[in-house]
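Feature annotation from TrEMBL assigns transmembrane segment to 20-47, 59-78, 98-120, 141-161, 193-217, 246-269. According to TrEMBL, the domain 'G-protein coupled receptors family 1 profile' annotation covers 40-309.
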Amino acid sequence: MNSSSSSSSSQQTVGVNIPLVRFCCDVVLSFPLAVLGIFGNSLLHVVLRRHHTRFATDVLLHVLTFTDTMILISSVLLRSMRHVGWQAYDDAYCYIFVSLYPTVYVFRLVDIWITVIVVIERYVAVMSPEHTVRLDTPPRVYVIIGVTVVCAIVFSVPRFLEFSLTEVEPTARPGFKPTALALNKTYTVVYKIFIFSIVMYVVPMALLIGFNVKLFLAVNHAVHEMSAIPGRYARGLDTVISCRQVTYIVLVFASCCITCNVVAMTAQVVWTLTMCFDKLRHLDTIRRILANVSNVFVTCNSTSNVLILLSLSRKFRDGICQTFSCRMMSSHTNHNAIVMEPLNL
C-alpha cells in the first residue's frame, strides 16, 4: 500500500484528471477485486480448516490466506471507503490511516516471504521425490512462519513512526501529518528506497524467479525420466505427476506475485524520489498515476491466489463441494461421523 494514498492533496495535475484516476483505481477496480478476494480467501480458509490438512504447502496457504485478507480489508478501509462520503468514517480516517498504514507493510512483507517459502518447499519436494513428495508439517515450519512474522514486524517499526496525529486548523478536527523522520531525506533514500526495495522486492523476486526456473526444469525432468522407464517407476510416476500439478499452481502463484510487485516497486521508488527531491517534481503526474495503479496491482495480487486455485486445482473445487455438502449433511447426520479427506492441493 503506497503512502501516496494518504495524501490530502486533491488538486488536479495539469493534463490528467487525478481525482478521476484515483476514483477508477480505488472504487471501480480495487473495490470489486477486494470484495471478491475477501470472500474467496474466506472460502479457502474454511476449506483448508475443514479438511484438517497437515501438509506444509497447505499450512503456508493458511498464512497467505490471512495476510491477503488483511491486505484487502486495509485496501477497502484506506482507499475505497474515502469515496463514500460517510461522515463518521471521515472523522475516524486519521486514526485508521495512522494505525493501518504501517501495519499493511507488515502484512505485505509476510505475504511475499511466505510465498518465497512456499516455492522453496515445493522445490525441496520436487528434488527429493523418492523420499517424500509431500512434506508433513514439522514444528520447524511453524518456527519459520513465526520468525518471518517477527522479522517483518521489527523491520517495519520505522513505518510506525512516519505519521502522527494532529489537529487541523481552523476546525481543530483530528488529522495526521508526516513526522520529522518521514521528511528526512537520508531516511527516505537509505530505508524507504534502498533497504526496503531490497527486502521487499529485489531479494524475494530474485529468489522467486530463480526457484521458479529450477522448479519448472526439475519437475519436467523428473516426469520425463520416469516416463522413459514406466515399469521401474510405476508408483513413483503417479506421485511425481501429482506433484507437478501442485508445483505448476505454485509457479503461477509466484509469477503473479512477481508481476504485481514489479509495478509496486516502481511506484514506490518514483514516489519516494519525487517527494524527497524538488528536482524531480516534474515526475509528479507519473508518480500519482503509478501510485494509484500500483495499489490496484497489490489488491489483485492478494485476490489472485484463490482465483488461481479455483481455476487450476480440481481438488480445491472438489474440496469446496465436499465441504459444503458435509455442512448440509450435518443437519441430518452425526457430525463426528463425517470423515473429510485431506485436501492436498
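Placed from the backbone N, Cα and C atoms, the Cβ positions cover glycine too.
Beyond its flanks by at least six residues, the transmembrane segment (59-78) meets 1, 5-6, 30-31, 33-35, 37-38, 41-42, 44-45, 48-49, 53, 96-97, 100-101, 103-104, 107-108, 110-111, 114-115, 117-118, 121, 137, 141-142, 145, 295, 298-299, 302-303, 305-306, 345 of its own chain at Cβ-Cβ distances under 8 Å. Beyond its flanks by at least six residues, the transmembrane segment (246-269) meets 2, 4, 57, 112, 115, 118-119, 122, 125-126, 192-193, 196-197, 200-202, 204-205, 208-209, 211-212, 215-216, 219, 287, 290-291, 293-294, 297-298, 300-301, 304-305, 308-309, 312-313, 345 of its own chain at Cβ-Cβ distances under 8 Å. The average pLDDT the prediction assigns to the domain 'G-protein coupled receptors family 1 profile' (40-309) is 82.
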